[in-house]
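Below is one structure, written out as structure tokens; the observations come after it.
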Amino acid sequence: MRIDVVTLFPELFEGFLAIGMVGRALASGALAVRTRSPREFGLGRHRSVDDTPYGGGSGMVMRVDCIVRCLEALDEAAAEGVASSAPPGADATASSGPLPRAHRVLLTPQGQPFRQEKAIELAARPAVALVCGRYEGFDERVRAFVDEEISLGDFVMTGGEVAAMAVIDACVRLLPGVLGNAVSAEHESHSPALAGLLEYPQYTRPVEFRGHKVPDVLQQGNHAAIARWRRAEAELRTAQRRPDLWRKARGGEPPADESGEVRR
């Protein structure tokens with residue numbers, strides 16, 4: 001998979017791309033990442049990429065021409081089979097022939113909420129371009145040159161770089177061979193195997209810590225009983241913590257007693 005990132009601050013990604021699962025994916029060749037700044041296509045001596053908003057208002061707006069030219073440059077580089085950037089010493093950028101045009105994603109609080117289903121969809125694409133905003137946001141016309149808009153949630157940050165890292169991390173762990181145990185991704189919160197439920201509680205040693213014990217059923221080795229317990233706990237946790245997910249998965253309200261408390 002190839003991921004292009006349009007950002008005014010490529011240096012923010014250096015540490016993120018060098019460590020952990022993302023770093024290993026780059027080193028193995030499962031992932032290639034290129035960052036490029038729209039300032040390369042900025043105007044004037046200072047390479048300006050923003051301007052005052054028409055109609056007045058506070059703040060500065062990112063120019064459509066600088067963003068689009070940056071995206072087009074990435075497409076041109078992909079068409080030429082240009083190798084992507086990678087951490088020092090990592091041979092994650094080998095390319096044979098033209099690379100596909102990236103699916104363009106605008107990172108904005110006005111976008112559709114980013115969910116596991118979207119991560120699965122993006123991870124299946126050969127190439128994705130993530131566009132990070134700054135200042136007061138984008139010129140509205142940028143939206144005519146992207147394929148979709150994604151939001152991390154109902155809050156606003158100073159830029160889209162953290163959102164881009166979240167999208168990259170969520171997608172990379174779904175790539176074949178990246179996660180050490182592929183089964184782990186199949187039985188975690190929001191996974192298809194759990195039908196959209198939250199993951200059941202997990203325990204490890206010690207058996208008891210300051211009065212808190214590992215449930216007996218997990219220590220007895222009865223796999224059928226453990227599976228039933230985990231399913232019941234996943235349902236209970238979802239009903240208690242995310243009734244919206246319960247309604248989506250079950251098509252109704254979580255079971256509750258007369259006081260409104262969710263029942264086991």
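Each residue, glycine too, has its Cβ placed from N, Cα and C.
Within the same chain, the residues at least 6 positions away from Leu152 (S-adenosyl-L-methionine binding site) whose Cβ sits under 8 Å from its Cβ are Leu107, Pro113, Phe114, Val162, Ala163, Ala166, listed in sequence order. Annotation comment: Swiss-Prot describes Gly133, Leu152, Gly153, Asp154, Phe155, Val156, Met157 as S-adenosyl-L-methionine binding site, evidence class sequence analysis.
Sequence annotations record features per position, and here Swiss-Prot assigns compositional bias 'Basic and acidic residues' to 240-251. Residues 190, 195-198, 262 of the same chain, all 6+ positions outside the compositional bias 'Basic and acidic residues' (240-251), place their C-beta atoms under 8 angstroms from a C-beta of that stretch.
Feature annotation from Swiss-Prot assigns compositional bias 'Acidic residues' to 255-264.
The region 'Disordered' feature in Swiss-Prot is assigned to 240-264.
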Indicate whether Asp154 (S-adenosyl-L-methionine binding site) is helix, strand or coil by DSSP.
coil
Cβ density check for Val156 (S-adenosyl-L-methionine binding site), other Cβ within 10 Å (all protein chains) comes to 9
Same-chain residues at least 6 apart in sequence with Cβ under 8 Å of the Cβ of Gly133 (S-adenosyl-L-methionine binding site), in sequence order, are Met62, Leu106, Leu107, Thr108, Gly159, Gly160
Sequence gap of 6 or more, Cβ distance under 8 Å: name the residues on the same chain that satisfy this around Gly153 (S-adenosyl-L-methionine binding site), in order along the sequence.
Pro113, Phe114
Neighbour tally for Asp154 (S-adenosyl-L-methionine binding site), based on other Cβ positions within 10 Å of its Cβ:
7
